[in-house]
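Enquirer: Sending over a structure as structure tokens; questions will come in a sec.
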Amino acid sequence: MDTILVINAGSSSLKFELFASVGVLRRLVKGKMDGIGTAPHLAIKSAGGDRLADETYPHETVPDLPAAMRLVGQWLRERHEGEMVAVGHRVVHGGPDHTHPVRVDQNILRELEGFTPLAPLHQPNNLAPIRALLEHQPHLAQIACFDTAFHRGHDPMTDHYAIPAHYFAEGVRRYGFHGLSYEYVAGRLAEIAPDIGRGRVIVAHLGSGASLCALKDGKSIESTFGFTALDGLPMGTRCGQIDPGVLLYLLQGGMTAAELQDLLYKESGLKGLSGISNDVRDLLASEAPGAALALDHFVHRIGLNAGALAAALGGLDAFVFTAGVGENSPVMRERISRKLAWLGATLDPARNAAGELLISTDQSKVALYCVPTDEELMIARHTFALLAP
Ligand code: ADP
């Protein structure tokens, strides 16, 4: 049996899924190694949800991503016969030119390494497993699937910053991220409600990273993310949109670039505002004023940005919630939906509480949906498609 491995490598975790790729794609296992380098823990489940592994390791056994890859590879070889014909990787940054996934060789890898300054916390981790596999299994097909690719069809005018135009050619432009999630949701919407899928839609990917994407006829025309995954909405620990004057103020006050990077990526967003947690669940459960401030600000910024994207679309037919917060929190969906009332959106409380796909009333002028995303399946599909003769 031919299989495709999907890898989503982060700073301290390695998510992976194995798909059988015989004729159609079928998910076999889903796993995650977290606490890499500190308290490594491997959890693997079957597609049906049965627990297949639940192991902890001494930190020196799994000090880094390549070590985690080796361990996961060993588990897969022992437990799964069949031949792994390709590995699909989530890569956050594909730069200005990659409009589609690509098979990675040493030249492409070098090109992708060049985008590291644009995604300093994500890109090195995304590329580490690719590098390790290229070294040890040079003939294994590896496909890089980019979070930026889905947004490459934007009108270039929209992706400019209003700084001297030559910076655009140098690559200082708005890229947009979460593209694999948006591509998957756009595809689902085309199945669930084809007319709406051809219309003007905002998708809200609200997880530990958060952004909105404006879809027209299933294609991205705008997004709240920009040059890096710091822009747009406030996130778990990232600041979102900020006046560049604040950055000048901090730098001129003596902060180093490295300290500023840490502040903006790791200490800001819901965590920075609340002083409590980056996790919406903790904030919802807390009585502390900081928790209320952080959540109010998050909802406020989503409302403002939804207005901006509705303007880009020239109106709105549907608003779709997805990712950790969007899929799991009826309370947050309700709070955000209230910000969309002026556009004509009316939530149906019972449908929302039940987490149905359509959560607006039948009379609502703007349809509201809750659509679980599946970035891993999207990566598997791309990888499968690129392998086809
Ligand atoms: P990522 O893949 O970006 O790490 P997810 O899309 O899995 O993130 O989202 C993770 C976030 O989703 C958590 O940090 C948490 O804030 C939020 N989340 C998950 N479940 C719930 C829930 N039941 N209620 C509110 N927020 C939730």
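FYI, residue positions are counted from 1 along the chain as it appears here.
Yeah, the Cβs are placed from backbone N, Cα and C, and that goes for glycine too.
Per TrEMBL, Mg(2+) binding site is recorded for Asn8, Glu375. The ATP binding site feature in TrEMBL is assigned to Lys15, His205, Leu206, Gly207, Ser208, Gly209, Asp279, Val280, Arg281, Gly324, Val325, Gly326, Glu327, Asn328. The annotation substrate binding site is assigned in TrEMBL to Arg90. The feature active site, proton donor/acceptor is assigned by TrEMBL to Asp147. The annotation site 'Transition state stabilizer' is assigned in TrEMBL to His178, Arg238.
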Enquirer: Fewest neighbouring Cβ atoms within 10 Å: which of the recorded positions Lys15, Arg90, His178, Arg238, Arg281?
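Expert: Each of the recorded positions Lys15, Arg90, His178, Arg238, Arg281 was scored by Cβ atoms within 10 Å; lowest is Arg281.
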Enquirer: Any idea what DSSP makes of Val325 (ATP binding site), helix, strand or coil?
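Expert: Where Val325 (ATP binding site) sits, the three-state DSSP reduction gives helix.
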Enquirer: Which one of these recorded positions has the most other Cβ atoms within 10 Å of its own Cβ: Asp147, Asp279, Glu375?
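Expert: Result of the Cβ crowding comparison: Asp147.
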Enquirer: What is the interatomic distance between the Cα atoms of Asp279 (ATP binding site) and Glu375 (Mg(2+) binding site), given in whole Å?
Expert: 21
Enquirer: Quick one: pull the CA-CA distance for Glu375 (Mg(2+) binding site) versus Leu206 (ATP binding site), whole Å only.
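Expert: Cα-Cα distance, Glu375 (Mg(2+) binding site) to Leu206 (ATP binding site): 14 Å.
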Enquirer: Recorded positions Asn8, Asp147, His178, Arg238: which have a Cα within 10 Å of Lys15 (ATP binding site)?
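Expert: Correct set: Asn8.
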Enquirer: Using DSSP, would you call Glu375 (Mg(2+) binding site) helix, strand or coil?
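Expert: Going by the DSSP assignment, Glu375 (Mg(2+) binding site) falls within a helical segment, counted as helix.
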Enquirer: Which residues in the same chain, at least 6 apart in sequence, have a Cβ under 8 Å from the Cβ of Asn8 (Mg(2+) binding site)?
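Expert: Those within reach of Asn8 (Mg(2+) binding site), by Cβ under 8 Å and sequence separation of 6 or more, are Leu14, Lys15, Phe16, His89, Arg90, Glu375, Glu376, Ile379.
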Enquirer: Filtering Lys15, Arg90, Arg238, Asp279 (recorded positions) by proximity to ligand 1: which pass a Cβ cutoff of under 6 Å to any of its atoms?
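Expert: Asp279, by Cβ distance under 6 Å.
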Enquirer: 10 Å Cβ neighbour count around Ser208 (ATP binding site)?
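Expert: For Ser208 (ATP binding site), the count of other Cβ atoms within 10 Å is 17.
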Enquirer: So among Asp147, His178, Arg238, all listed as recorded positions, which is physically nearest to Arg281 (ATP binding site)? Use the C-alpha atoms.
Expert: Arg238
